[in-house]
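> The structure is given below, and queries will be raised subsequently.
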Amino acid sequence: MPGAMKIFFFIFAALILLAQIFQARTAIHRALISKRMEGHCEAECLTFEVKTGGCRAELAPFCCKNRKKH
């Protein structure tokens, strides 16, 4: 019985690690999309930047882009 508990614990830990890896991949993908839009991912945009949203990473939820002068 103790062997089965150890295996269950390791499988559970592996699933948690896999979930973290897939979240990191999507955050990197969204950061690349923001880069293509000539923006960058930040927690807060500066006053002369516009929030376009889209990064959705835990620490950097916004894609900030410079405002265009009209």
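Quick reminder: no glycine exception, Cβ is built from N, Cα and C everywhere.
So Swiss-Prot lists the following for this protein:
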{"type": "DISULFID", "residues": "C41-C55", "note": "disulfide bond"}
{"type": "DISULFID", "residues": "C45-C64", "note": "disulfide bond"}
{"type": "SIGNAL", "residues": "1-26", "note": "signal peptide"}
> In whole Å, how far is C64 (disulfide bond) from C41 (disulfide bond) when you measure between their Cα atoms?
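Taking the Cα atoms only, C41 (disulfide bond) lies 6 Å from C64 (disulfide bond).
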> Which residue among the disulfide-bonded residues C41, C45, C64 has the fewest other Cβ atoms within 10 Å of its Cβ, if you could check?
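Fewest other Cβ atoms within 10 Å, among the disulfide-bonded residues C41, C45, C64, is found for C45.
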